[in-house]
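Below is one structure, written out as structure tokens, with a few remarks after it.
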Amino acid sequence: MTDQHLWAPWRHSYITSDEAPEPVSSGCFLCDYLQQPEDQDRCNLILSRGEHCVVLLNRYPYNNGHLLVAPLRHQSKLSGLTPDEHLECMNLLVQLSNIISEQMNADGFNIGLNVGKVAGAGLPAHLHWHLVPRWNGDNNFMSVTAGTKVISQSLDSLYELLSRNLSD
């Protein structure tokens with residue numbers, strides 16, 4: 001059996017740098033988005049705000065349907081989450097994986113949490129889970145020959161599909 005790798009070489013400069021990749025007013029794009037009025041949620045790709053957690057589309061997806069699930073509260077450590085925050089995040093990951101399986105026919109998922117900058121966290125001060133749908137054969141020739149990952153659905157179209165199903 002051969003291992004397949006999800007390459008993200010553009011992340012190396014972030015991991016080895018002391019600089020944030022994008023300046024944001026609070027230093028945390030999630031907190032900045034959450035401080036904005038809810039009528040800005042679509043622009044910020046926020047699909048859902050729960051009692052303790054938020055769901056948003058990843059603006060730079062590894063695959064079509066790549067979502068982020070995060071606590072509303074700025075927290076960098078798993079041990080700092082309340083039981084309610086932890087439970088809501090986990091329940092959202094289950095709900096979202098079910099929706100994506102049904103609506104997008106995903107064959108599987110990568111679900112991950114990078115805790116700390118050295119672990120690859122692009123936003124090390126605010127925990128967030130990545131939910132990345134996978135399909136049989138989604139490692140195609142484009143990434144090998146052209147260094148390009150094909151994302152076949154627009155963020156607007158994906159937002160429409162998932163927001164309709166999350167509100168049910």
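In case you wondered, yes, glycine gets a Cβ from its N, Cα and C as well.
Predicted, not measured: the structure shown is a model, and the values here were computed from it.
Annotated range for motif 'Histidine triad motif' in TrEMBL, selecting from 11-15, 106-110, 111-115, 126-130: 126-130. With a cut-off of 8 Å between Cβ atoms, the residues of this chain six or more beyond the motif 'Histidine triad motif' (126-130) that come close are 28, 30-31, 58, 62, 66-71, 74-78, 81, 89, 93, 110-115. Here the C-alpha separation of Asn58 (substrate binding site) and His128 (active site, tele-AMP-histidine intermediate) works out to 11 Å.
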